[in-house]
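Features from TrEMBL:
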DOMAIN    32-109  domain 'G-protein coupled receptors family 2 profile 1'
DOMAIN    122-370  domain 'G-protein coupled receptors family 2 profile 2'
SIGNAL    1-26  signal peptide
TRANSMEM  119-144  transmembrane segment
TRANSMEM  156-175  transmembrane segment
TRANSMEM  232-251  transmembrane segment
TRANSMEM  273-294  transmembrane segment
TRANSMEM  315-335  transmembrane segment
TRANSMEM  347-369  transmembrane segment
Amino acid sequence: MVSGPRPTLLLFLLQVFLLRDNLVAASIQEQYCESLLPTTNHTGPQCNASVDLIGTCWPRSAVGQLVARPCPEYFYGVRYNTTNNGYRECLANGSWAARVNYSQCQEILSEEKKSKLHYHIAVIINYLGHCVSLGALLVAFVLFMRLRSIRCLRNIIHWNLITAFILRNATWFVVQLTMNPEVHESNVVWCRLVTAAYNYFHVTNFFWMFGEGCYLHTAIVLTYSTDKLRKWMFICIGWCIPFPIIVAWAIGKLYYDNEKCWFGKRAGVYTDYIYQGPMILVLLINFIFLFNIVRILMTKLRASTTSETIQYRKAVKATLVLLPLLGITYMLFFVNPGEDEISRIVFIYFNSFLESFQGFFVSVFYCFLNSEVRSAVRKRWHRWQDKHSIRARVARAMSIPTSPTRVSFHSIKQSSAV
């Protein structure tokens, strides 16, 4: 018994039925198109009613007329805006133009597609911002490391703040490149350590900003000599104090919310406030410091023109700009954008931009616009130019051949000996 041809026969019959159904559907559509009234009551040459490949019906129309028809509601499973029109011209020879202008037919994106689109754009902004920030921070770090002539306590604090931002940006890239849904669900030890490191460097950013505020407040408001301040004090503030805070947070996570690599939080569990609370506290203290600093500068130091006062004023300006950036960015995490679509979109973009470009702003205000850094860089550049120009002159002088008419001291000595 031969059974091989049966599947082929069944497939052939299925194709015949499908083709017949398509032809019947096309015939019905053409009959419907023919039944439509012509676009104008014209007795001259006309284009007959026609259905294009997309399925749009073009009724009988006078030659030379540009006919408008609503955009198709669906095409290949994609929904389109039917309030717009497609256009097709009835040519002078009584035939329809081969090309139909559907340029105004726009796809209607579903809410899910819109959310995905905005999410992808926000991810691109985040990656771009962190790349730009990390590059600027590394340049600023090298400048502070190489320019020893400007190594005072104030610039050492700037240097450590930049270092904290570099480490935070670096761990951000580690999180993005290593964390995936499988790792999140597995909750392995190394991913929890990465999360703890990222949060630690996040906290150090705020505590080094607090160090900036402490230095300015001590120098300007308390009129306390900055020579008595020591580097170890600020190292304790910036690097040491955040460590036990993160350890306490990690213990809380381990016992009460030990899942998904310690990202996010379970409903009713508030362990994240163990490190978020101190960050908000130092932020509020910094705002108080700045209020006092600005008050003193406006009243007592307005007439002063000493170089030290000018440096303080510039540092205050930088801090005034950076603190709102850091503060507003962090406070946004506690703001609910609501159900309004525009509010959510603005929240996503605003938060992504500010969070990712923080390191860039820190580099610009504390290093690239720092007059001491710029002056030291100019001096280094001029010294390098002078050094290389002297080398060039010496090299040219050494390369000039000795004239045959000149007699060396060695030859004179030899002739006198003879």
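Here the Cβ of each residue, glycine as well, is placed from N, Cα and C on the backbone.
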Please check if the transmembrane segment (119-144) comes into contact with the transmembrane segment (347-369), where contact means 3 or more CB pairs closer than 8 Å and the residues in each pair are separated by 6 or more positions.
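By the criterion, they touch.
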Under a criterion of three or more Cβ pairs within a distance under 8 Å and sequence separation of at least 6, are the transmembrane segment (273-294) and the transmembrane segment (232-251) in contact?
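In this chain the transmembrane segment (273-294) contacts the transmembrane segment (232-251) - 3 or more Cβ pairs sit under 8 Å.
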Can you give the mean pLDDT for the domain 'G-protein coupled receptors family 2 profile 2' (122-370), rounded to a whole number?
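Summing pLDDT over the domain 'G-protein coupled receptors family 2 profile 2' (122-370) and dividing by its length gives 84.
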